[in-house]
Amino acid sequence: MSGFVFNEKPIQIERGDGAYVYDDSGTEYLDMGASYACVPLGHGHPAVRDAVTEQFEKITYVQASYPNAQRTALYELLAETAPGDIDNTWLCNSGTEANEAALKFARSATGNSKIVATMQGFHGRTMGALATTWKDKYKKPYEPLIGDVEFVPYNDSEALEEAVDEDTAAFIVEPVQGEGGINPATKEFLQDAREMTREAGAALVFDEVQTGMGRTGTLWAAEQIGVVPDMLTSAKGLGNGFPVGATLVRDWVAENYGSHASTFSGGPVISAAAGATVSTMVEEAVPAHAGEVGAYLRAELEAALGEDVRDVRGEGLMIGVEVKRGANRYLKQLALEHRILALPAGRTVIRLLPPLTITESEADRVIEALTDLLTDT
Ligand SMILES: *Cc1c(COP(=O)(O)O)cnc(C)c1O
């Protein structure tokens, strides 16, 4: 047996360029999900390619306890662009590691152990992050996980108030739930969460692994909500395809982080990739573009869709189309008939997470294809 984890799709992708990917026979597909929010600037972006190539030619890796210029520059850039006074960065290799670190930091900084998380939430698959993930399917075979996790319904401030108490280390929440079906949080819920965690002395953690890096129309979703969490985690789009995660942390947490480290933390090539991605995103106002194209796409989908569709929701270019029957048959048709690759989110949601650089005419292609598939009843 080999490579037993993934269910492989019948398309072998060999090449990418901007919002397009190409299979081994040269067929072109519009990437509305093949890159899983990991390539916000589009495939093969020259700024990222050049930064990585230049660093690769100097040195690929040096032990993390030696400072390197790329990592220092990335720390500064993230401190500048993070919401409010979040000034400290821990770098790692993935989303689950970024959340794992956040949970550890919350425990050491507060001296408490209890973690509050949300129903339908997803925070990753290592033991700690997995314990805060909702779905039993992901957890059951591996139990017992870390104890002391309490789940509250998403957007339910009353339940949150009951759960967050003086024994709480952290409340971890996605500003828009991704895997759970593209469910945006209400502003009130996250504002209430800010108040409640502050009063209890617990850390508020925004998991922006999927919502961050411009996806929702601002660099971080927290900016739109007007809430500064104590920690904000990032990964997926952070390195425009390179494996890098970050836990952004306020001083009071960073000062009491305990002892945490990782061999590959902030390696020079990965730091160069993330630095080029964040600075291009800011310089070229990519998040604002994502906000505009996303609003257009959502409005047009809402207007065009017929009886098969329950709901269209999301923020920016993080869009869910909830259908009445299973999403998978539509995803197959989108790929085979329309050459558009998209994703599911649960059983009934078609999820769109394209490069943020897609144009309005590319959005039109998606609207036409989905309208075609979803209105012929
Ligand atoms: C994908 C995801 C993770 C896990 O990231 P990995 O890099 O797969 O470990 C965590 N949280 C959210 C919100 C995600 O979307």
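The backbone N, Cα and C atoms fix where each Cβ goes, and this holds for glycine too.
Automated prediction, rather than curation, is the source of TrEMBL annotations.
Per TrEMBL, these features apply:
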- G95, T96, F122, D207, E208, V209, Q210, T263: pyridoxal 5'-phosphate binding site (BINDING)
- R125, S262: substrate binding site (BINDING)
- K236: N6-(pyridoxal phosphate)lysine (MOD_RES)
>> Just to confirm: which same-chain residues, 6+ apart in sequence, have a Cβ under 8 Å from the Cβ of V209 (pyridoxal 5'-phosphate binding site)?
In response: G95, A98, N99, H123, G124, E174, G178, T233, S234, A235, K236, G245
> Helix, strand or coil at D207 (pyridoxal 5'-phosphate binding site), per DSSP?
Replying inline: strand
> So which of the binding-site residues F122, E208, S262, T263 sit close to ligand 1, that is, with a CB under 6 Å from an atom of it?
Replying inline: F122
>> Give me the count of other Cβ atoms within 10 A of the Cβ belonging to S262 (substrate binding site).
In response: 15
> Counting other CB atoms within 10 A of each CB, which of the binding-site residues T96, Q210 comes out lowest?
Replying inline: T96
> Closest of the binding-site residues to S262 (substrate binding site), Cα to Cα, picking from T96, F122, D207, E208, Q210?
Replying inline: T96
> Roughly how wide, in whole Å, is the group G95, T96, F122, D207, E208, V209, Q210, T263 that binds pyridoxal 5'-phosphate, by largest Cα to Cα distance?
Replying inline: 26
>> My understanding is the cutoff is Cβ-Cβ under 8 Å with a sequence separation of 6 or more in the same chain; which residues meet that for E208 (pyridoxal 5'-phosphate binding site)?
In response: E174, P175, W220, A221, A222, L232, T233, S234
> Tell me, how many other CB atoms lie within 10 A of the CB of T263 (pyridoxal 5'-phosphate binding site), whichever protein chain they belong to?
Replying inline: 9
>> Taking the Cβ of each of the binding-site residues and counting other Cβ atoms inside 10 Å, which one has the highest number: G95, F122, D207?
In response: D207
> Among the recorded positions R125, K236, which residue has the largest number of other Cβ atoms within 10 Å of its own Cβ?
Replying inline: K236
> How big is the gap, in Å, between the Cα of Q210 (pyridoxal 5'-phosphate binding site) and that of R125 (substrate binding site), rounded to a whole number?
Replying inline: 15
> What three-state secondary structure does DSSP assign to T263 (pyridoxal 5'-phosphate binding site)?
Replying inline: coil
> How big is the Cα-to-Cα gap, in Å, between T263 (pyridoxal 5'-phosphate binding site) and R125 (substrate binding site)?
Replying inline: 20
